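Note sheet for the following structure.
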Amino acid sequence: MIRRWLTISKSGKKKKAVNDTITEEVEKVDFKPVNHDINDELCYSESSDNPSSSLFVSNLDTKETFLNEDNNLQISSGLDYSSETCNQGSNYSQDGIFYISNAKAINAYGGIITQGPEAPILAMKVSDSMPYGDGSNKVFGYENFGNTCYCNSVLQCLYNLSSLRENILQFPKKSRESDQPRKKEMRGKKPRIFTEASFEKSIAGTNGHLPNPKPQSVDDGKPTPVNSVNSNTAGPSEKKSKFFKSFSAKHVQDNNKKEGSPAILTTGKPSSRPQDAPPLIVETPNEPGAPSRLSFENVTDRPPDVPRKIIVGRVLNYENPSRGSSNSNNLDLKGESNSSLSTPLDKKDTRRSSSSSQISPEHRKKSALIRGPVLNIDHSLNGSDKATLYSSLRDIFECITENTYLTGVVSPSSFVDVLKRENVLFNTTMHQDAHEFFNFLLNELSEYIERENKKIAASDINSDSEPSKSKNFISDLFQGTLTNQIKCLTCDNITSRDEPFLDFPIEVQGDEETDIQEILKSYHQREMLNGSNKFYCDECCGLQEAERLVGLKQLPDTLTLHLKRFKYSEKQNCNIKLFNNIHYPLTLNVCSSINSKVCQKYELAGIVVHMGGGPQHGHYVSLCKHEKFGWLLFDDETVEAVKEETVLEFTGESPNMATAYVLFYKAMYSNAVEKNDRENMAKEQDDNIDNLIKYDDWLRTCNSGQKKKEELPIADDLDTAIDDSFVSNTPIKSSKKKSRMFSFRKS
């Protein structure tokens, strides 16, 4: 493969004299390593007149055309070349200029050069501290280890907050001496391969019912239980199945009337697994037949929702991968390995099955794991330092950002292990609370940043360099301030106390409906302190009647609202879930009644949804507003697109048992978006999703062909070894991995 470091030069003619030759004014742009690893020989155009030129470059803020008078793309270089280009008939020169002859108009989109006016799917922010981009074009699901949906839903919301993601990727700043190679793939210390054939054997032993595997890991060839749990529920599965009818029946009826517009998050009667659905199991390439972790909720517990566009978990017409290969988690798509491709957007998306929208969620989850790539983050990537929640979260973000592909599944086993080590409350088989996890995680991240800032400040004092300004971006992004004022009604003395908060609670009272906009448009809380609850006044030196006023003093950049739906019931002697209607808007105006200057407009950026009839059992999913792809539904391993109106349906209205639990609002600093602009934006986001899928399939095709080519010498060596074994009559062991059924427990 050819690697080239590129520097673009924009040509402009400038004549000094009549006989002078034309000189070039060069405008240099800094480039970082590209985001994909593609072999030039494996992606080519059918015609040399129309080369497949897709130069992935970075750090371009505006859309420009880089063509000289001969209609050639001109790229000058003073050092090494490092381009990720699929082209044909190109001339490479270390010292000269790189041309693509007879090329079409080639446009640069903030980090990408592609033919035609296609959307900039591969464009990302790139800097010295983010050499592989900011991860804004990546869409990954998270593997569920039995009851980790509470963790997955929150992590998805945090990743899709661009300001938080970028800060985590850049802090603490890595020294040049500790420069680590790019994480193009993440197999982990104990690689796992998800295959179809091994799952068929497991199905045969379960009388056709989908199994629910017991999470295990492999250590020295012996299966050992991993510190994960079996289920996210605390009761029988028949109790769980009721709450999956939470998605309103109205959604089904409305969408049945319109052909071609299937419902999102809707359910009727739970259906069983389709007979033709390909099963799945996991094999470990290092140890034949050794079981590994894999968790799915029971099929009857999942809603047969019909999404519009599936991004992760797409069911394609595929061939079985090589059983003996341990180099990839990806399937080889039929008809792609030998096909002639131009740019990915030039090829129509004919690989998605027309009936994929009818596939069950369980089938999509399996397809997501089979298709991969599965980023198996089973150990700390932080070197010799002890793993923390911050370093583990950064490992996840880095692996997603630096991965070759645009979509896939993350297996955050190391993060979950660290979480259970740091807080024993999460090291149980009980149903966990997503808000408690979010609050604990933010505090841990904030404390880590404070410790690192102290280390940096101490090193600056010992060195001759100027001390750097320490800041805590968790506090900057999430922390607001409440002011608590108590006025003595006897002497009118006012006592004030400020209270910081990372998330703002929304109380649920009785059977009343709650409108979040009405509460926060002029927020204040008044309470009379009298009777047995009198206030001790320092001025009066005694207990006095007083009035307490709570208001907003400072608003955060990201406002997190906790809808307090879980409450202890004395009558039932347990915690129950409240299904009061809580209405939340897409745009939220928050103002303080104490200080008129404290006012901010927010837009909804993410929701953690709890699906269930009580706090002891249920399932968490999240909906996040992606900056390029609009609203996406993240359900553990799978990701699918949803319409904006769907986001507002989780209010708790009966019989819907899927309710918004945690809301993320981002501050808006620009003018409001007009209705026409919203429609254009929605269309652009739909196009971006289509282009994302095409690009991702294209990248998989290129890399699939490359891996096949790399495996040819290995196969030749194996044939030679076999021939030698026949001559010497010495038996050799087969390299084929054997599968073995492992135990499952029903969720």
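Note: Cβ is positioned from N, Cα and C throughout, glycine not excepted.
Checking S163, S198, S532 against Swiss-Prot, you find phosphoserine recorded for S198. Here the Cα atom of H619 (active site, proton acceptor) is found 7 Å from that of C149 (active site, nucleophile). Reduced to three states, the DSSP call for C149 (active site, nucleophile) is helix. Every protein chain shown contributes to the tally, and the Cβ of C149 (active site, nucleophile) ends up with 28 other Cβ atoms within 10 Å. Other Cβ atoms within 10 Å of the Cβ of H619 (active site, proton acceptor) number 28 in total over all chains. Mean pLDDT of the predicted structure over the domain 'USP' (140-668): 77.
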